[in-house]
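First the structure, in the form of structure tokens, and then the observations on it.
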Amino acid sequence: MEIIMQTAQYIIELLKAVFLGIVEGITEWLPISSTGHLILVNEFLNLRQSKDFIDMFNIVMHLGAILAVMVIYFKRLNPFQPGKTAREVQLTWKLWLKVVIACIPSAFFGLLLDDWMEAHLSNFFVVAIMLVVYGIAFIWIEDRNRRVDPKVTDLARMSYKTAFYIGLFQVLSIIPGTSRSGATILGGIIVGTSRSVAADFTFFLGIPTMFGYSGLKAVKYFIDGNTLTGGQAAILLVASVTAFLVSLFVIRFLMNYIKKHDFTVFGKYRIVLGIIVLFYGAVKLIFG
């Protein structure tokens, strides 16, 4: 009977991992904050695992979502793709150089502030404030953007300086509730790129950023003396695979969506969610 109960509990853990993977796959690419959603979802659907594992899980799971970008854009991102002309190969290498340049600010500040941010800012109130602030920012920027023609409508024409500026906006995403994609897309629009260019560059920028951040979290996890059981590895794998599959659909949806729409609806969603998170955090603080 005990074995049956343990098996049932483990199956429930795997189902939770599937749900968390779905949340990650949706929220990683839409500018609505994957970390903010995972913090909220974990309150109601918490894995029966150690805090250290959950903290690592919430970050390393991003690799599944990032892998979806590599699959969808493989030909475009691969400088060794058969059939590419010398000009196309050159543009691909230049694209990667822009991505590397854009990663520099977040790599520096991420390493410097990661532990402090996790200790002091991973709470409901910070997440709620960031959701609302960036929600308002999206609505305001999109309203202003209707009267301004983008200066950069082709990623190949984006300068290295513009890439660096977008990288500076990515630094803001180390604050929980901001949204990495939200910060970089908003930054791209502010510095003069079209929505599609900002979204594309956001996807590409996520590859080294999230691989690096996930690697850092995994290393810290093991340095702190933690181990990874077979059951935990399976939970992480299930969530990552789910995030990968969902991301394949979400990325394509977003790229089709922004051809005819702006990001205002996501701004409104962030404001509503931020108010809900703030209310929940206040209730939890008062009543425990």
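Glycine too: its Cβ is placed from the backbone N, Cα and C atoms.
Database features (Swiss-Prot):
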TRANSMEM  25-45  transmembrane segment
TRANSMEM  53-73  transmembrane segment
TRANSMEM  93-113  transmembrane segment
TRANSMEM  121-141  transmembrane segment
TRANSMEM  171-191  transmembrane segment
TRANSMEM  196-216  transmembrane segment
TRANSMEM  231-251  transmembrane segment
TRANSMEM  263-283  transmembrane segment
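Contact check: the transmembrane segment (231-251) against the transmembrane segment (53-73) gives at least three Cβ pairs closer than 8 Å, residues 6 or more apart, which meets the contact criterion. Remark: the transmembrane segment (53-73) contacts the transmembrane segment (25-45), by the rule of 3 or more CB pairs under 8 A. For the transmembrane segment (196-216), the partner stretch with the most Cβ pairs below 8 Å, chosen from 25-45, 93-113, 263-283, is 93-113.
Take the transmembrane segment (25-45) and the stretches 93-113, 121-141, 171-191, 263-283: counting Cβ pairs under 8 Å, 171-191 has the most.
Tertiary neighbourhood of the transmembrane segment (93-113): same-chain residues 77, 79, 155-156, 158, 160, 163-164, 166-168, 170-171, 173-174, 201, 204-205, 207-209, 212-213, 216, selected by CB-CB distance under 8 Å and a gap of 6+ residues from either end. Here the transmembrane segment (121-141) has Cβ contacts under 8 Å with residues 31-33, 35-36, 39-40, 175-179, 182-183, 186, 189-190, 263-264, 266-271, 273-275, 277-278, 280-281, 284 of the same chain, all six or more residues outside its ends. For the transmembrane segment (171-191), the residues of the chain that approach it from at least six positions outside its boundaries are 27-36, 39, 105-106, 109-110, 113-114, 117, 121-123, 126-131, 134, 137-138, 141-142, 145, 150, 162, 165, 197-199, 201-202, 205-206, 209-210, 263, 266, 270, 274, 277, judged by C-beta separation under 8 angstroms.
Beyond the transmembrane segment (263-283), the same-chain residues lying 6 or more positions past its ends with a Cβ under 8 Å from any Cβ of the stretch are 30-33, 36, 40, 43, 123-125, 127-132, 134-139, 142-143, 177, 182, 185-186, 195.
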